[in-house]
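Engineer: I grabbed these lines from TrEMBL:
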| type | residues | note |
| --- | --- | --- |
| COMPBIAS | 7-20 | compositional bias 'Low complexity' |
| REGION | 1-20 | region 'Disordered' |
| TRANSMEM | 62-77 | transmembrane segment |
| TRANSMEM | 97-120 | transmembrane segment |
| TRANSMEM | 141-164 | transmembrane segment |
| TRANSMEM | 170-187 | transmembrane segment |
| TRANSMEM | 199-216 | transmembrane segment |
| TRANSMEM | 245-266 | transmembrane segment |
| TRANSMEM | 287-308 | transmembrane segment |
| TRANSMEM | 377-400 | transmembrane segment |
| TRANSMEM | 406-426 | transmembrane segment |
| TRANSMEM | 438-456 | transmembrane segment |
Amino acid sequence: MEDGREQQQQQQQHGRGSGRVAVVGGHEIEVEVAAAAGASSTGQGQHGDLDGSVQGPTWKRFLAHVGPGFLISIAYLDPSNLQADLLAGSSHRYSLLWVVLFGFIFVLIVQSLAANLGIITGRHLAELCMGEYPKYVKYCLWLLAELGVIAATIPGVLGTALAYNMLLHIPFWAGVLACGACTVLFLGLQGYGARKMEFTIAVLMLVMATCFFIELSKVNPPAGDVIEGLFIPRPKGDYSTSDTVAMFGSLVVPHNLFLHSSLVLTRKMPYTPKGRKDASTFFLLENALALFIALLVNVAIVSIPGTICADNLSVANTNTCSSLTLSSTSVLLKSIMGKSSSTVYGLALLASGQSCAVATSYSGQYIMQGFSGMRKCIIYLLAPCFTLLPSLIICSIGGALRVHRLINIAGIILSFVLPFVLIPLIKFSSSSTNIGPYKNSTFVSSLLSLVLPFILEMNIH
């Protein structure tokens with residue numbers, strides 16, 4: 001009799017909780033759903049319709065879901081994207097802006113799948129991989145995911161160290177150490193809640209956007225050419241195909257899929273059809289808003305060198321434009337637009353690199369927690385040792401002279417890891433067993449089936 005009461009209390013606790021389970025598997029999912037249903041019927045009997053708990057002004061309910069999209073979007077403003085955009089602008093002016101637009105549309109679709117997966121199942125992508133795949137497959141996925149986090153962290157550390165060198169003239173290795181120390185401090189904010197972390201990254205994103213919009217106002221690119229490049233695909237010039245692949249490849253990053261499916265679980269939502277539908281809609285709108293801001297910043301980044309390098313320049317500046325990098329951009333801006341422009345660029349690079357290092361390290365914690373099942377207090381201490389520390393060591397050894405090469409190598413690794421993360425995401429989000437009636441539409445499944453071979457082909461080349 002007492003055992004029956006204890007089981008009933010546990011079921012009620014599951015019904016009032018976030019809907020997540022500690023041990024993954026089909027049996028636990030059924031218990032969770034039953035508990036949620038029981039709690040729903042109980043709530044209806046005592047307090048009326050459970051959907052009433054989510055009623056209120058729409059703008060307040062939307063604001064409660066704001067945050068994850070901005071933390072996700074910083075990955076599309078990291079130093080690797082910055083380098084690809086600068087090179088595309090200096091070599092092709094505005095003719096590759098359409099790649100940015102269509103790339104962000106694809107990113108919105110994929111990130112929405114990851115968010116919906118967390119909303120519907122109550123578990124993030126790493127937990128689902130751990131529960132659904134055989135032993136050797138899931139540990140291989142874990143290894144690849146950790147490798148992807150390290151590769152995504154390297155550009156952030158490199159960009160931050162370069163920015164410290166530009167702004168404060170400190171040695172590169174000291175900038176690497178400063179980046180590591182600041183990243184650990186920022187990660188400590190999660191002890192006060194996920195929203196504090198999201199707000200911090202949003203502020204850094206705002207700083208970066210402000211800096212590049214200031215630079216854009218100084219160069220004043222022709223609006224007609226920018227709009228034409230954004231909507232009309234007209235690749236031209238040498239290496240346009242390889243630069244197109246580089247720009248698209250730098251947009252979709254594997255760790256973001258794990259992170260987005262995890263961040264949506266930090267919000268309280270009723271596990272009812274209406275609650276899930278509302279949460280999916282709000283997260284979609286919030287993600288679209290954040291990605292739109294990131295799109296505008298990327299357009300500004302491409303347009304700045306696209307305008308500067310089209311003018312009649314000196315021989316030295318023309319040579320700089322022909323092979324533009326993160327460090328040479330500062331020299332170019334200082335030579336043409338003055339020291340203030342170089343300083344503004346350094347601030348933007350600092351915000352880009354530091355926010356990237358924080359976001360990737362943060363995603364590494366969720367990946368390790370999902371695949372290992374260890375307690376959060378242990379994850380907080382252990383995860384940076386497997387993600388941030390190797391990145392710091394690699395960047396310190398590589399030095400300032402190998403920044404461009406290290407970022408390219410990191411991009412190759414991310415392109416290799418991406419299909420191994422996309423395939424489980426597509427599998428889970430298209431399965432009636434995992435998410436029931438909320439599975440992908442035929443259009444989305446067909447689109448992903450068409451794009452995935454392109455990504456695999458991109459990895460081969």
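Sequential numbering from 1, following the chain as shown.
Cβ coordinates are placed from backbone N, Cα and C, and glycine is handled just like the others.
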Engineer: What stretch of 170-187, 199-216, 245-266 shows the most Cβ pairs under 8 Å to the transmembrane segment (406-426)?
Structural biologist: 245-266
Engineer: Verify whether three or more Cβ pairs under 8 angstroms connect the transmembrane segment (287-308) with the transmembrane segment (97-120), leaving out any pair fewer than 6 apart in sequence.
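Structural biologist: Result for the transmembrane segment (97-120) with the transmembrane segment (287-308) is yes.
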Engineer: Is the transmembrane segment (377-400) in contact with the transmembrane segment (170-187), using at least 3 Cβ pairs under 8 Å (sequence separation of 6 or more) as the test?
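Structural biologist: Output yes: the transmembrane segment (170-187) sits against the transmembrane segment (377-400).
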Engineer: Relative to the transmembrane segment (141-164), which of 62-77, 245-266, 287-308, 377-400 accounts for the most Cβ pairs at distances under 8 Å?
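Structural biologist: Maximum Cβ contact count belongs to 377-400.
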Engineer: As a test: from 62-77, 245-266, 377-400, pick the stretch that has the greatest number of Cβ pairs under 8 Å with the transmembrane segment (287-308).
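Structural biologist: Comparing 62-77, 245-266, 377-400: 62-77 has the most Cβ pairs near the transmembrane segment (287-308).
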